[in-house]
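Enquirer: This is the feature table in TrEMBL:
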- 1-24: signal peptide (SIGNAL)
- 28-121: disulfide bond (DISULFID)
- 75-127: disulfide bond (DISULFID)
- 76-129: disulfide bond (DISULFID)
């Protein structure tokens, strides 16, 4: 007689955990054409990286800094790095080549759209910012601030592929094409 009670208790626990996973710990869905963003970046990557005067310095602290992000912090770090690129990198970069500028503008517009999606997640209390997420963002800002503004913008643009790969790995990305 105890076996059915244990089974019901176990089933109830599983259902509760699934409910928590689906409502509280769910990753925010980024609905944008990541392939288009990656393609746009690949078209300008060589030109941007050729302008990099500090090849041995990194802003994103290589992929290692982003690899240690826990699943609970992914939304916050993504939101913060999107803001970092939109508010600082894209604004600080001065591009004389109109073709490259169009590609950068296209990427920036995609980032603005992703920011809007993550803002909605935050309003639904699905995007929490813990201290670890804040610390990672602070390290990236500090790395940026150690370089002259234009050099830092070029460096950050050249490292965009690191951030894009991280987004693809950590978010359920759907195409809105």
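Counting starts with 1 at the first residue shown.
Including glycine, each Cβ sits where the backbone N, Cα and C put it.
A quick note: this is a predicted structure, and the numbers were derived from the prediction, not measured.
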Enquirer: Given residue 75 (disulfide bond) and residue 129 (disulfide bond), what distance in Å do their CA atoms have, once rounded to a whole number?
Expert: 8
Enquirer: May I ask which residues of the same chain, at least 6 positions away in sequence, place their Cβ under 8 angstroms from the Cβ of residue 76 (disulfide bond)?
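Expert: Same-chain residues close to residue 76 (disulfide bond) (Cβ under 8 Å, separated by 6 or more) are 127, 128, 129, 130, 133, 134.
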Enquirer: When you measure from the Cβ of residue 127 (disulfide bond), how many other Cβ atoms are you left with inside 10 Å?
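Expert: So the number of other Cβ atoms within 10 Å of residue 127 (disulfide bond) is 22.
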Enquirer: Tally every other Cβ atom lying within 10 Å of the Cβ atom of residue 129 (disulfide bond).
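Expert: Result for residue 129 (disulfide bond): 16 neighbouring Cβ atoms inside 10 Å.
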